[in-house]
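Noted in Swiss-Prot for the protein shown:
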type     : residues                                                       : note
ACT_SITE : Asp287                                                         : active site, proton donor
BINDING  : Asn172, Glu238                                                 : Mn(2+) binding site
BINDING  : Ile175, Tyr176, Arg177, Arg189, Trp190, Leu191, Arg194, Gly195 : prenylated FMN binding site
Amino acid sequence: MKYHDLRDFLTLLEQQGELKRITLPVDPHLEITEIADRTLRAGGPALLFENPKGYAMPVLCNLFGTPKRVAMGMGQDDVSALREVGKLLAFLKEPEPPKGFRDLFDKLPQFKQVLNMPTKRLRGAPCQQKIASGDDVDLTRLPVMTCWPDDAAPLITWGLTVTRGPHKERQNLGIYRQQLIGKNKLIMRWLSHRGGALDFQEWLAARPGERFPVSVALGADPATILGAVTPVPDTLSEYAFAGLLRGTKTEVVKCLSNDLEAPASAEIILEGYIEPGEMAPEGPYGDHTGYYNEVDNFPVFTVTHITQREDAIYHSTYTGRPPDEPAVLGVALNEVFVPILQKQFPEIVDFYLPPEGCSYRLAVVTMKKQYAGHAKRVMMGVWSFLRQFMYTKFVIVCDDDVNARDWNDVIWAITTRMDPARDTVLVENTPIDYLDFASPVSGLGSKMGLDATNKWPGETQREWGRPIVKDPEVTARIDAIWDELAIFK
């Protein structure tokens, strides 16, 4: 699935019936969300609203509204192929030297992909075809959506924020929502553990009082966007990973007002800075939890330049109670996580983040248990191995005879293989999502692990039950006469 930029990708989607153009005027205030939500719940196409009311710029929604389109954005034909992306990431996270000539030959495709990792810097780029600076900067000209009735203000949702710490060569790319508060002002809502916030804190320590340069790309190519939400190893830049996905080097261009590099083919680039100490109350906003979050203070992003392509497209989304676009992304990225976890914990058979659990708050793991206490080791590993699971509140561990993606199976294991006192692990005072208002303290709460595996000697003193298994010979005999019985005819 080869493409160069967002527009190229939209052409591919349209050819496959995965894009619908909406010519009827629709309001970015609430109406686009209503249409996008109904479409996503029905498994429908990406939507390009060509005539948003009050604006000259079209709005793109539901780009990643199905797992298939997420896979297409990662250069794959179907979701199952995302396991290969996970295997590549696992290899890059902990590369192993070839064990011999045959192993070297087997690894050649991976080494060949690595050649696409370096970025290609352009002198001029499509994203700088039109330039606004100074008093000409006006964010209110963008068709920024208001998604829910009680949202505080229009909200940029798919902004790809580019930052760099003072002592780093590698840039960080992150998706952080941004509240519109003026013609050239946005609130940058990044949590303290995220890459952009860490870069900012390092900047404040190294250069106190100096403005922190920031750029935000809107409408980047899907590989670059997905690179920012995928568990990329800390030693690998999101741009490099995007090159691996796309099969070509990521093209970047130096921003006009700072030394950051932005995606050259992005539709819109916002350039500016964060003034140390300039904060503003952000929210409330309806979020992926299905609730409005509480108001809190975050840094203000001052925009000094807006550069864009001719006939630019504004890329947006909404977040709400699952299913929403982040939940769909979670379903697809789940396949990427499995090989990464399996490389560290080979005993893991499957790993599942149910979308109804807000994509990351509950995980189900199935494993080949090998000794007493093994399930507890795995649950601790899930919480600690990847930072993406730092906020996972519940981890359920089952044996490999259980289907992690079938609640009937999982609930059967919980109710037949668990003693609540013995098999429940509670860990207090751990990092918790700021949006989780159920936690007693903002950003700090507890976690629960459920060991729903068969118990081994040392874990129980009782004779353990044997699962009922049908006689295969009887099953075969009944299969042979089933149609003749005509029970359902």
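Including glycine, each Cβ sits where the backbone N, Cα and C put it.
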Extra residues within 8 Å (Cβ to Cβ centroid of Ile175, Tyr176, Arg177, Arg189, Trp190, Leu191, Arg194, Gly195), prenylated FMN: Thr161, Gly174, Met188, Gly196, Ala197
Please give me the CB contact count at 10 A for Glu238 (Mn(2+) binding site), counting all chains in the structure. 25
Determine the Cβ neighbour count for Leu191 (prenylated FMN binding site): the number of other Cβ atoms within 10 Å of its Cβ. 16
Using other CB atoms within 10 angstroms as the count, which residue among the binding-site residues Tyr176, Trp190 scores least? Trp190
Neighbours of Gly195 (prenylated FMN binding site) among recorded positions Asn172, Glu238, Asp287 (C-alpha cutoff 10 angstroms), in sequence order, are Asn172
Among the recorded positions listed as Asn172, Glu238, Asp287, the Cα nearest the Cα of Arg189 (prenylated FMN binding site) belongs to Asp287
Span of the recorded prenylated FMN site, as the biggest CA-CA distance among Ile175, Tyr176, Arg177, Arg189, Trp190, Leu191, Arg194, Gly195 in Å, is 14
Minimum Cα separation from Arg194 (prenylated FMN binding site), reported as the residue among recorded positions Asn172, Glu238, Asp287 that achieves it: Asn172
Out of Ile175, Tyr176, Arg177, Asp287, point to the one nearest Glu238 (Mn(2+) binding site) in space (Cα versus Cα); all of them are recorded positions in the record. Ile175
Of Arg177, Arg189, Arg194 (the binding-site residues), the residue whose Cβ has the fewest other Cβ atoms within 10 Å: Arg194
